[in-house]
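**Student:** My structure is below; once you've seen it, I'll send some questions.
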Amino acid sequence: MRNSIVRSIKSLTYSSSSHLIRRRGFATESVPDRKVAVLGAAGGIGQPLSLLMKLNPLVSTLALYDIANTPGVAADVSHINTRSEVAGYVGEEQLRQALEGSDVVIIPAGVPRKPGMTRDDLFNINAGIVKGLCEAISKYCPNALVNMISNPVNSTVPIASEVFKRAGTYDEKKLFGVTTLDVVRAKTFYAGKAKVPVAEVNVPVVGGHAGITILPLFSQATPKANLSEEEIKALTRRTQDGGTEVVEAKAGKGSATLSMAYAGAIFADACLKGLNGVPDVVECSFVQSSVTELPFFASKVRLGKNGVEEILGLGPLSDFEKEGLEKLKPELKASIEKGIKFANQ
Ligand SMILES: NC(=O)C1=CN([C@@H]2O[C@H](COP(=O)(O)OP(=O)(O)OC[C@H]3O[C@@H](n4cnc5c(N)ncnc54)[C@H](O)[C@@H]3O)[C@@H](O)[C@H]2O)C=CC1
Ligand SMILES: O=C([O-])CC(=O)C(=O)O
């Protein structure tokens, strides 16, 4: 789980007119054409995420879709002299064009939290938005990898799975809840407390993406550090409350957008690398899973040419983590069931 985007940008030069990528000092190699669609591209996450995807040399076509304001965002981003061709699509009548041919669809469409709200409070509005977008995906790009950012992720991913099942297009290997921001936060907070270089830190985060369902496994963090039980508990709480920390600091102006765009770009890059056959691409994600008795669960996932190649187990847990795992299950189960019920009513 390295910072692959930054690495790509540093180590590669690329041409906007050909699909060749030249590693400085090494032979030229070709990369396949890949279309990425961002749904909700004009929003707080959508705009910086579109920028970051424009910087990604693995993308050849970037489709920016929203219900408003995408022409401006697309015109702006399109002037950046990188490989991908950019097009903006606005309104439902252009959704088909935005989606057709997509390899990866990233969904940050929907309303964000305000102080005092839980992610589940967004369900009533976002569930319908996600359902509509997934119906379109099942029609126009049923083979795309779907990166679900819209909250509550613990419910929106099950909604997507039900929509795809109903359409006969469900492939559990291709549906991902994006939990990368939890990993990004866990790494940052751990590095600060353990006083180790942040770029070297790895911390798996499992479970789901809301409050106590976010379970960072600091017992598996590397590089190892001698943190006290109290310090580990505080780091766990801060990771679980990271979203709320930003919501409160923004004081009514939304939730995490910039760090989320970064995290979303890391995860989409991992999906593209997997599709392109790069070996050993592993990220945490909320996917259909048999790691626990719950039908969906976030854990480390190996990405490959068809999406999920392997779901990795949890590994050894500390007593504190075992307790956290049992505590999160009822809430996560209820959120999953709420999504499934909504999609089928
Ligand atoms: N998975 C995660 O870790 C995180 C998830 N989020 C979630 O991401 C979502 C978006 O957050 P922000 O970008 O801050 O919100 P925002 O309100 O700034 O942007 C949302 C965008 O979605 C668009 N939209 C609404 N309905 C749409 C539809 N039917 N089709 C296409 N676009 C549509 C809006 O026009 C707007 O441009 C929220 O649900 C938020 O909770 C936020 C941070 C982290
Ligand atoms: O907290 C929120 O509402 C947005 C989010 O999911 C996060 O920042 O992790």
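Each residue, glycine too, has its Cβ placed from N, Cα and C.
All annotation found in TrEMBL is predicted automatically rather than curated by experts.
According to TrEMBL, the protein carries these features:
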DOMAIN    35-177  domain 'Lactate/malate dehydrogenase N-terminal'
BINDING   Gly40, Ala41, Ala42, Gly43, Gly44, Ile45, Gly46, Asp66, Asn126, Ile149, Ser150, Asn151, Met260  NAD(+) binding site
BINDING   Arg113, Arg119, Asn151, Arg185  substrate binding site
DOMAIN    179-342  domain 'Lactate/malate dehydrogenase C-terminal'
ACT_SITE  His209  active site, proton acceptor
**Student:** Could you give me the DSSP helix, strand and coil counts for the domain 'Lactate/malate dehydrogenase N-terminal' (35-177)?
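**Tutor:** Tallying H, G and I as helix, E and B as strand, the rest coil: 66 helix, 28 strand, 49 coil.
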**Student:** Is any of the binding-site residues Gly40, Gly46, Met260 within 10 Å of Arg119 (substrate binding site) (Cα-Cα), and if so, which, in sequence order?
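**Tutor:** Those close enough: none at all.
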**Student:** Fill in the CA-CA distance, Met260 (NAD(+) binding site) to Arg185 (substrate binding site), as an integer in Å.
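**Tutor:** Answer for this pair: 10 Å between alpha carbons.
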**Student:** Using a 10 Å cut-off on CB atoms, tell me which of the binding-site residues Asn126, Ser150, Asn151 is the least crowded.
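**Tutor:** Lowest Cβ count within 10 Å among the binding-site residues (Asn126, Ser150, Asn151) is Asn126.
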**Student:** Who sits close to Gly44 (NAD(+) binding site): which same-chain residues at least 6 apart have their Cβ under 8 Å from its Cβ?
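**Tutor:** The answer is Pro112, Gly254, Ser255, Thr257.
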**Student:** Taking the binding-site residues Arg113, Arg119, Asn126, Asn151, which residues show a Cβ-atom distance to ligand 2 below 6 Å?
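**Tutor:** Near the molecule: Arg113, Arg119, Asn151.
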**Student:** What's the CA-CA gap between Arg113 (substrate binding site) and Ser150 (NAD(+) binding site) in angstrom, rounded?
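**Tutor:** Approximately 11 Å lies between the Cα of Arg113 (substrate binding site) and that of Ser150 (NAD(+) binding site).
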**Student:** Measuring Cα to Cα, how many angstrom lie between Asn151 (substrate binding site) and the residue listed as 'active site, proton acceptor'?
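**Tutor:** On Cα coordinates alone, these residues lie 9 Å apart.
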**Student:** Looking at the binding-site residues Arg113, Arg185, which sits with the largest number of other Cβ atoms within 10 Å of its Cβ?
**Tutor:** Arg185
**Student:** Out of Gly40, Ala42, Gly46, Asn126, which of these binding-site residues is nearest Arg185 (substrate binding site) by C-alpha distance?
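**Tutor:** Closest by Cα: Gly46.
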**Student:** Which binding-site residues of Gly40, Ala42, Arg185 contact ligand 1 in the sense of C-beta under 6 Å?
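**Tutor:** The ones that qualify, in sequence order, are Gly40, Ala42.
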**Student:** Let me make sure I understand the structure: which of the recorded positions listed (Arg119, His209) has the fewest other Cβ atoms within 10 A of its Cβ?
**Tutor:** Arg119
**Student:** Let me know the largest Cα to Cα distance in Å among the NAD(+)-binding residues Gly40, Ala41, Ala42, Gly43, Gly44, Ile45, Gly46, Asp66, Asn126, Ile149, Ser150, Asn151, Met260, as an integer.
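**Tutor:** About 18 Å separates the two most distant Cα atoms.
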**Student:** Please state how far apart, in Å and to a whole number, the two most distant Cα atoms are among Arg113, Arg119, Asn151, Arg185, the recorded substrate-binding residues.
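**Tutor:** For the residues that bind substrate, the greatest Cα distance is 18 Å.
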**Student:** Note the Cβ centroid of Arg113, Arg119, Asn151, Arg185, the recorded substrate site, then list each other residue of that chain whose Cβ lies within 8 Å of it, in sequence.
**Tutor:** Pro112, Pro152, His209, Ala210, Gly243, Thr244, Val247, Ser255, Ala256
